[in-house]
């Protein structure tokens, strides 16, 4: 996920670099070069097609070969995409390189949240799942810092150096491959109980043997870990509700307008007359990183639902502020500063709430039997939405087309309010619950607001003691496996 965030951050800055514009853009008779709106739209949006393809490939790849081997494939794809970009002499080749890198991202966005959810202890699942967004934001900060350091170079090195950093993380992943641990739940789905037990011991090194045995027993007796379900199961019974929640979680990211602030932020600051647009980009991503770090500590204490709801309202308020200031015909410097502050506030609230929790929701909501397929569908819809937004932003903002400028905040503020209302209605609180316990709650049809107070009683099926977990009034009695 590091390279995905890094690519977004790097390309946002590359579009404002003169050698990059000279190489891939159009120059007028005075020698002034720029990336035309249509080309900017294509270069920013078409990589999402690669991301969509990666999402479709991820489910069968992860189901057949497992999470560990799939990560090795991801590293190779990232290296190939980076080579294509650095060696590009045309916008077409550069875009193909970005498509290849986004293909890798599509696989990661489906597989990594599921991998983390399946391997993390339930009490730390939110904290560990939040590391996805932390990596994305950390990589964007690094990208902006490197862009700021190379922007003054008069040669193609100014954009080649930032791109070359994308070789680092795949190299680290390949070196660390022998030490990665396969998902115990995936191993159980393949019928390899002994390997699952070994993997669980590696993941829970300091855990008492009795606790490990209880966790493995719960995995073994859960129907949802017993093989992989067909596509028909994604839309049947309680899974239809669960898939809808996963889709909603991912739509939270795209409909918030974060594409406008992340992909076009530096250019927007330039158009507002700020000479320090790269520094503002660094400030924006640094704020998001700090809030993502805070979110990883808060999510398992405050829960998912309160952060999603409060974050949605706060983001909408910031976007409406930006939109309102965009209506001023001849803004003063103070009004422009307030507009930038509104964008920064949006970044803070987004990084604290919807950015990390979208991945957590997508990982927790689906049933394990159809986790990859549900996540693939959620990501596919999210990517289609991201493609449409990324393609349309230049036409909405630029003066030669719709000319909305900062008034685009009204549009994204309204979509944010709509999605926040949907979260209130449909997304339950899932903190502190084993994935198998969530299966029981959804199967019994517990209401959205009934999740938090419910109690599930899990019987290991061997006729021994009953372990109670404070997760609902639902009683799950596991029959001993034949």
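From the backbone N, Cα and C atoms, a Cβ is placed for every residue, glycine too.
The stretch that TrEMBL tags with transmembrane segment, taken from the ranges 31-50, 51-70, 71-90, 131-150, is 71-90. Given the ranges 278-299, 432-453, 454-475, the record in TrEMBL names 278-299 as transmembrane segment. Of the given residue ranges 223-244, 245-266, TrEMBL assigns the label transmembrane segment to 245-266.
Among the listed stretches 96-116, 338-357, 377-397, the one sharing the most Cβ pairs under 8 Å with the transmembrane segment (245-266) is 377-397. Across the domain 'Major facilitator superfamily (MFS) profile' (1-431), the model assigns an average pLDDT of 86. Looking at 71-90, 96-116, 278-299, 338-357, 409-427, the range that has the most CB pairs within less than 8 A of the transmembrane segment (377-397) turns out to be 96-116.
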